[in-house]
Amino acid sequence: MTRIGEELYAHVGALYPIFRSITGPGLRQTLDYIGRQIPLRVQEIPSGTQVLDWVVPPEWSVRSATIETRDGRTVVDFAEHGLHLVHYSQPIDRLVPLDELQEHLHSLPDQPTLIPYRTSYYKESWGFCLAHEVRTRLRDPAYRVRIDTTLAPGSLSLGEAFLPGDEAGEVLISAHICHPQLANDNLSGIAVAIALAQKLTARRRRFGYRFLFMPGTIGAVAWLHQNRDARARIHHGLVLTCLGDPGPPTYKRSRQGASLIDRCAAHVLSDEGFADRILPFTPWGYDERQYCSPGFDLPVGCLMRSPSGAFPEYHTSADDLSLVTPAALADSLSRLDRILSMAEDDHRPVNAMPYGEPQLGPRGLYFSPTDDPQPFATETLLWVLNLSDARHSLLDIAERAGRPFEEVAAAARVLSAKGLLRRAEVR
Amino acid sequence: MTRIGEELYAHVGALYPIFRSITGPGLRQTLDYIGRQIPLRVQEIPSGTQVLDWVVPPEWSVRSATIETRDGRTVVDFAEHGLHLVHYSQPIDRLVPLDELQEHLHSLPDQPTLIPYRTSYYKESWGFCLAHEVRTRLRDPAYRVRIDTTLAPGSLSLGEAFLPGDEAGEVLISAHICHPQLANDNLSGIAVAIALAQKLTARRRRFGYRFLFMPGTIGAVAWLHQNRDARARIHHGLVLTCLGDPGPPTYKRSRQGASLIDRCAAHVLSDEGFADRILPFTPWGYDERQYCSPGFDLPVGCLMRSPSGAFPEYHTSADDLSLVTPAALADSLSRLDRILSMAEDDHRPVNAMPYGEPQLGPRGLYFSPTDDPQPFATETLLWVLNLSDARHSLLDIAERAGRPFEEVAAAARVLSAKGLLRRAEVR
Amino acid sequence: MTRIGEELYAHVGALYPIFRSITGPGLRQTLDYIGRQIPLRVQEIPSGTQVLDWVVPPEWSVRSATIETRDGRTVVDFAEHGLHLVHYSQPIDRLVPLDELQEHLHSLPDQPTLIPYRTSYYKESWGFCLAHEVRTRLRDPAYRVRIDTTLAPGSLSLGEAFLPGDEAGEVLISAHICHPQLANDNLSGIAVAIALAQKLTARRRRFGYRFLFMPGTIGAVAWLHQNRDARARIHHGLVLTCLGDPGPPTYKRSRQGASLIDRCAAHVLSDEGFADRILPFTPWGYDERQYCSPGFDLPVGCLMRSPSGAFPEYHTSADDLSLVTPAALADSLSRLDRILSMAEDDHRPVNAMPYGEPQLGPRGLYFSPTDDPQPFATETLLWVLNLSDARHSLLDIAERAGRPFEEVAAAARVLSAKGLLRRAEVR
């Protein structure tokens, strides 16, 4: 746990200094890093390509951006923090009167020391984000504003990794990678996704696992554009974000609301005592809004700790390496693994001796208090026998019995080994 | 609002002095008055006609009714208040010993100054209603009782107004008109129905609107007798009663319980903070008990303020012009209009771009805090886009989004205007 | 009530002294007793017979069992209490060192004066149960242990009584008879079942009633083995146990959860104010675990007072004739009768005049406060008329109206007598 926590934190640390946006060199550097951890297929979609209702924007690259006094003192410098520049700012190099400049500045009066994060991808503009306490000190009549950026035909970069499974269905794991120098949102999601892919590589998998590392919205839209058949292929999935802060876990349901992944995540959070952190679907948030658009309606929920907008550091310079912790990252990975493992293991068992109870004693299944402790209570064993009628899944049984899924699954494994259970043919 | 309140109150004031029963001249005067406000078809059904399980009773008319002392002092006089006479009292003119007279008197010991309202339509009888404090002063050994009434073949009068709509379904609006000199129950219902008909006349209507002004029970039974196909024609409906008192609104569900009108009324009352005033169906009350009899089972609920029996003035002389107020009447009309408009506007929208989210910015649908305020939140717009899958109606969307129906409808109109929504073919 | 209570208590008193186990002479004596009260068919299934997954065990008979000091003082004597001997103890006659003996002793440190009840049907063993205060006085280095028992081929005895009904479906009433000298668990169940059979014999019955008096588990398994078609024949049923203690009633639902018997029992307990004593199904307890095994899944619940394990006298020598009372036994019989009568009477009535309300007055169904009191409120009459649409059963109506079933049934009977209701053809 400590080791994996450190590993996860190291990914966040390595990616934090890179300046990212929805296109451009930082995005590619990020994908390069991921590609060194897990086998990744990177795709470039040219600017101007129509994807669903959207068009791939020009590629944006930044060389420098400053606000200086007329006597050459630097007031705001992009080189100091990537959040200083509004994303997709147009180039500019001129003296700007303070009044005009103010219309291009963004700060947080209630958090005067923090730099906010702002973008203007689809509206031509330029602007700076800065600490409010710095902004209030701007009193000169005019400032020299220099933004050395390029907005030019290029491409949108998407990373995709696929681990095949025994069955046809795929599990979608999606993390956005467009946020610049924000640690929890969303380097934590990238780190956890990398580690999950590494873990799964070593395992036999029932489902295939498809990892998407893409810029928010436009990336998901582009991928869905290429995968119109997603509904038929995607068995379930999760968007990963904000998984490194110290807050308790949060699960936001998919639009379907009670799909397998929704039930697995809700079972895990309830079992952990976080039933109040299971949120209903809403058509805003992260890329689940694309996956859950009505034409696709994929069973894809969103796993978080503190949800977007619900922690004070959200979308500010305070979402830095001090906000995320190895322990929180490791805990998130462990929970994610538990949820996905449940979906892997769930099936509808069939009692091979459904008429009356089978005799447990001769099969070594009658445990007395002096026997070695079993990973399940005798009551759980009886529940599995009683409900294994090809209509109840292990998860159904766990919910009716009020026991953890894993305990029910352990009992089912023992019963299977004794020939008392088999799997239903059709899921 | 003030003007419409005064108009509504004026109807109640004009009708209050008329003595009404389930048949007879006062009933016709009442229909004449309504017919001067809106186009009304009046029908006369002869006494003795079989209607469903009932028979149209003889027509009853009253000329005078008094109780006098032997020395000629009038103790009770129908001319002073129409409630004094038990409806359908037989004629009588004789000296009645006090003991016998007491069996024919009705008063309210707990409300000693009020005259109760009593009827005996289907059992031959006679009787007087009087203030209990007057009754206790009756100490003479006998009184001269004179009831000059006629019970003779005549007819039952029914008033009906119909406003055709674009679609085939009809909305039933039913008000009973048989109560004598009671303002809230039910002149308020008549007044609100008249004003609603006037409002609807000026509008394009999706549904037809059928207004019924009829004596309670026998009138509804007679109309249903003639309209055995009501189930096929009536899309939904409301019984209107007790709409003028100062109490909060009440909605009593139809037998179906969750029909469109039930959901619209429940949505409106919930949105107004009156969720606790939504009552389940019971097979007693007003004419909904006929409309909701099992052979018809029409989706017809009952809109009220203080429900029958739940206000102290109910069925007494205190249900007079001082109980109802212009403001309460206007508020009732406005609520009724809102409920019926919801049913008019509800439909299942279909997202024309269901794959991923459509781009809002280029369509002028991306609103920033500095834009003019919209009649809907951006979240509501996103809910409509997300749930417009031909399976969710606007009302379904409003309920899932937890937003007022009208806000959802406004968002849907804007999206339709932008070509992002169309209507599902089949409702 | 007093008489029937005494009768029930007399059955318990007559059966209490008999030593019973799952086979053997005491079991036959018990069936003999039952057979003297009601016509009983007794069946003997030979040891070694395979029944479902089980095998009928050898027959066990006990002549004597003692623990003596070496100088001949008797410390524990089966002749004093049948609970002293662990059931199915093998014969033994030798001096046993105290250390070894302790491994064969069972006592209750928390209830030091009580003898516990223990069995070892399916594992070769021997042992004694004794008061903990007696056990702690055992200090000799060795004791003379004599168990004079026989485990030999014989048979398993099952008692069955059947009362045919007008319809094909059968009601299963099951009581286990294998417990030795325990009054509440389960002589109370046997006594109530006997009295129920006697009551039902004198009545016209819609369903057939099948009474099973059998040793727990192996008896139910054997019966089910012979009755693989039980699912098709058994309309519903109840396991009877722990019906004589002074605790409030308890109902444990069948696996189906909302079958007719579940709803009837839940209605009765709710109506009596014991809604909190309605328990969900669990796959442990009494023979409902066999009847509700997934292959059979019979709608068979369990009626009790204090549930097994939930009263301190459970499975100890304190479950004696002082624990059960005539009043509790009579109350249990009365509740059982009420539940089963509801299931007999329930049906889906059809309103013969479903269009509008029928006129009640001319049919003598319009009751005024001065009329004789009726066994039902007028509101109940209106509910029955309103919901008698061939889709609602009397129980459905009772639940929607919030009235006791019997009141609804009384109203339905009166309406039927007036020709206003008929029965739906198909249940």
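Backbone N, Cα and C atoms are what each Cβ position is placed from, and that goes for glycine too.
Going by TrEMBL, these are the annotated features:
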DOMAIN    A:9-345  domain 'DUF4910'
DOMAIN    A:59-150  domain 'DUF2172'
BINDING   A:HIS179, A:ASP185, A:HIS315  Zn(2+) binding site
DOMAIN    A:350-422  domain 'UCP01524 winged helix-turn-helix'
Number of Cβ atoms other than its own within 10 Å, given for A:ASP185 (Zn(2+) binding site): 27
Per-residue Cβ crowding (10 Å cut-off), top of binding-site residues A:HIS179, A:HIS315: A:HIS179
Residue counts (helix, strand, coil, in that order) that DSSP gives for the domain 'DUF2172' (A:59-150): 12 helix, 39 strand, 41 coil
A:HIS179, A:ASP185, A:HIS315 excluded, remaining Cβ within 8 Å of their centroid (Zn(2+)): A:TYR117, A:LEU182, A:ASN184, A:ASN186, A:SER308, A:TYR314, A:ASP319
Per-residue pLDDT averaged over the domain 'DUF2172' (A:59-150), given as an integer: 97
Within the domain 'UCP01524 winged helix-turn-helix' (A:350-422), residues counted as helix, strand or coil by DSSP: 34 helix, 5 strand, 34 coil
